[in-house]
Amino acid sequence: MRVAVIGAGVIGLSTALCIHERYHPTQPLHMKIYADRFTPFTTSDVAAGLWQPYLSDPSNPQEAEWSQQTFDYLLSCLHSPNAEKMGLALISGYNLFRDEVPDPFWKNAVLGFRKLTPSEMDLFPDYGYGWFNTSLLLEGKSYLPWLTERLTERGVKLIHRKVESLEEVARGVDVIINCTGVWAGALQADASLQPGRGQIIQVEAPWIKHFILTHDPSLGIYNSPYIIPGSKTVTLGGIFQLGNWSGLNSVRDHNTIWKSCCKLEPTLKNARIVGELTGFRPVRPQVRLEREWLHFGSSSAEVIHNYGHGGYGLTIHWGCAMEAANLFGKILEEKKLSRLPPSHL
């Protein structure tokens, strides 16, 4: 069975690994991963990696399930020898609001979810309500190299090439896995897919131990300041620009992030800036995770689409990888059935 995976962010690599681990032992797979960007140059590398879905219920209930599956999988890996290399760790912190809001759908997924006490709220005078919980941190800059190593150990080939069309890789391939994120629209028109530009500042601030996410409904999602400590640096953010394709770091956005994060946590004024990155979240009303049979002139192929994970790719990736593997299994079953001789009963 010949498989072409397009895209080498967290979605492409995890989907490839999940499928290879599940089916290669019984159905030898010849798998290639095509991408014009591999780690450390993917959108996933820019992400701070905090496991937290959006606050509102997803339009597709399956997305809540996929996020939960990802949390459960990562939690099961937490005490494995691989956790440190994966960039996986527990992390606790705050979600802050101006006014009281309903509890999120994921409150029972995370550990120790509770409302903030009045004395805790005194720490954040600009906010009137909040939550505290323990979650998981999965840093893309560690996790993507770890996934890549697992795949190459299994004999999966990585091909550094920009794929211009699905037809380009269809010849001689049984299944195409489309994990191209925000660039999926270049391979197949998708009016629902848009870039959600983000910009972050990375600082050295080892005294910051808790994440702090703020939420302002009037500004929209991701447009409020957030602070997420990682293993080596702290990520500062708060930019979400729908439809903006500019890959350049913006001085204006830098100033917005710096001013708002320093107001939220004044000790950051003493932090040394060590990096600044811009990336594009693949924004869609819901994840596209489905099969499609495509014909390309004389050739044809099964396609599994897995893209449109917005700003929560690391939060939902393994659940989506398992669902893509389920779809792949159905393709295998159908191919086996089609090869069976006709019954003469």
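Glycine is no exception: its Cβ is also placed from the backbone N, Cα and C atoms.
As the structure is a computational prediction, the values presented were derived from the model and not from experiment.
Lifted from Swiss-Prot, the feature list:
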type: BINDING; residues: 8-11, 36-37, 42-44, 48-50, 162-163, Thr180, Arg281, 310-311, 313-315; note: FAD binding site
type: BINDING; residues: Gln52, Arg281, Gly311; note: D-dopa binding site
type: BINDING; residues: Tyr222, Tyr226, Arg281, Gly311; note: D-serine binding site
type: BINDING; residues: Tyr226, Arg281, Gly311; note: D-proline binding site
type: REGION; residues: 1-16; note: region 'Required for protein stability'
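Shown on the structure are the features that Swiss-Prot records.
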residue : record                : Cβ contacts under 8 Å, 6 or more apart
Ile11   : FAD binding site      : Ser44, Cys179, Gly181, Asn306, Tyr307, His309, Gly313, His317, Cys320, Ala321
Thr42   : FAD binding site      : Ala8, Gly9, Val10, Ala35, Gly140, Leu144
Ala48   : FAD binding site      : Leu137, Glu139, Ile200, Ile228, Gly230, Thr235, Gly237
Gln52   : D-dopa binding site   : Trp106, Val110, Ser135, Leu213, Tyr312, Thr315
Lys162  : FAD binding site      : Asp36
Tyr222  : D-serine binding site : Gly196, Gly198, Gly237, Gly238, Ile239, Phe240, Arg281, Gly311
Tyr226  : D-serine binding site : Phe211, Ile212, Leu213, Thr214, Thr235, Leu236, Gly237, Gly238, Cys261
Which listed residue (Ala8, Arg281, Gly311) has most other Cβ within 10 Å, given these are binding-site residues: Ala8
Mean predicted confidence [pLDDT] for the region 'Required for protein stability' (1-16): 98
Conformational class of Gly311 (D-dopa binding site) under the three-state DSSP mapping: coil
Local backbone state of Lys162 (FAD binding site), from DSSP in three classes: coil
Largest inter-residue Cα distance among Tyr226, Arg281, Gly311 [record-listed D-proline binders, Å]: 16
DSSP-assigned states of the region 'Required for protein stability' (1-16) in counts, ordered helix, strand, coil: 7 helix, 5 strand, 4 coil
Secondary-structure category, per DSSP, in which Gln52 (D-dopa binding site) falls: coil
Most distant Cα pair in Å, residues Gln52, Arg281, Gly311 binding D-dopa: 15
